[in-house]
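Participant: TrEMBL lists these features:
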- Asn24, Lys25, Met26, Asp27, Asn94, Val95, Gly96, Lys97, Ser98, Ser99, Gly146: GTP binding site (BINDING)
- 87-160: domain 'G' (DOMAIN)
Amino acid sequence: IPLSGRNPLFQETLGIKPHLLVLNKMDLADLKEKQKIIRHLEREGLKNVIFTNCIKDENIKQVIPKVTELVGNSYRYHRGENVEFCIMVIGVPNVGKSSLINSLRRQHLRKGKATRVGGEPGITRAVMSKIQVSERPLMFLLDTPGVLAPRIESVETGLKLALCGTVLDHLVGEETLADYLLYTLNRHQLFGYVQHYGLGEACDDVASVLKRVAMKLGKTQKVKVLTGTGNVNVIQPNYSAAARDFLRAFRSGLLGPVMLDRDVLQSFPPTDPSQAPGPRDM
């Protein structure tokens, strides 16, 4: 999820409770500058961060010990007779909140899915009842629908969020998203799409790229064209279908790992390996 896509009001509200930022889908991100990401987040007051991949259960076992530590150290926390932890999972749509719960259950309870997941926003529509994810400590999680800030700070941030699938594609326009994706990939010299689709060379013109993608995939359609001698059936590339496949390939990692917010990190000097935080600091 773009580093610039968080809601300051949301963050301020979280300040009254211990919280852990889980950056999921780490397999899709370019994490070569991971230390800069951590430093950027620390500068904004987010010191408890874990990168995860719920598909392969990577780093999932770090979550419950960290949550237990944070809750136990909270000055607002009073155990009394309460012997269980109840945690709420919140975030923008389609980042893997339900997948995180299922992954924790796999790791700690050896049990399967407890909540539905999908590749588009809006799968979770209501706050669910408590779902157990651990026996020791006894911990329950509440799954919640994804929430976005009521106002996005810029058009580009909105496009980044849309590329990550946090809103339904048709609300922005699949070809518009494909155009911005192509611009981003070329700008950062990430030419995995050229190899993936066998295009031969990079190109800045989205219409040209989508046309070639459509022809490669056999995504064509018959269109009636009115001429002076009557209607003529013409075979045209299906640009919408090509755009959908382009977006799907990006979101599946088939175009290579991408860091959409690379520009956000440019203000940081190169990381000094001698000062880089170790595993315990992360």
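Quick reminder: no glycine exception, Cβ is built from N, Cα and C everywhere.
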Participant: Just how many other Cβ atoms lie inside 10 Å of the Cβ on Ser98 (GTP binding site)?
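Facilitator: A 10 Å sphere around the Cβ of Ser98 (GTP binding site) contains 25 other Cβ atoms.
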Participant: Among the binding-site residues listed here (Gly96, Gly146), identify the one with the smallest other-Cβ count within 10 Å.
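Facilitator: Checked Gly96, Gly146; of these binding-site residues, fewest Cβ neighbours within 10 Å: Gly146.
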Participant: Of the residues named as GTP binders, Asn24, Lys25, Met26, Asp27, Asn94, Val95, Gly96, Lys97, Ser98, Ser99, Gly146, how far apart in Å are the Cα atoms of the most distant pair?
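Facilitator: Greatest Cα-Cα span of the listed binding residues: 21 Å.
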Participant: Highest Cβ count within 10 Å among the binding-site residues Asn24, Met26: which residue is it?
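Facilitator: Answer by Cβ density within 10 Å: Asn24.
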Participant: Per DSSP, what is the residue tally for the domain 'G' (87-160) in helix, strand and coil?
Facilitator: 18 helix, 12 strand, 44 coil
Participant: Determine the Cβ neighbour count for Asn94 (GTP binding site): the number of other Cβ atoms within 10 Å of its Cβ.
Facilitator: 26
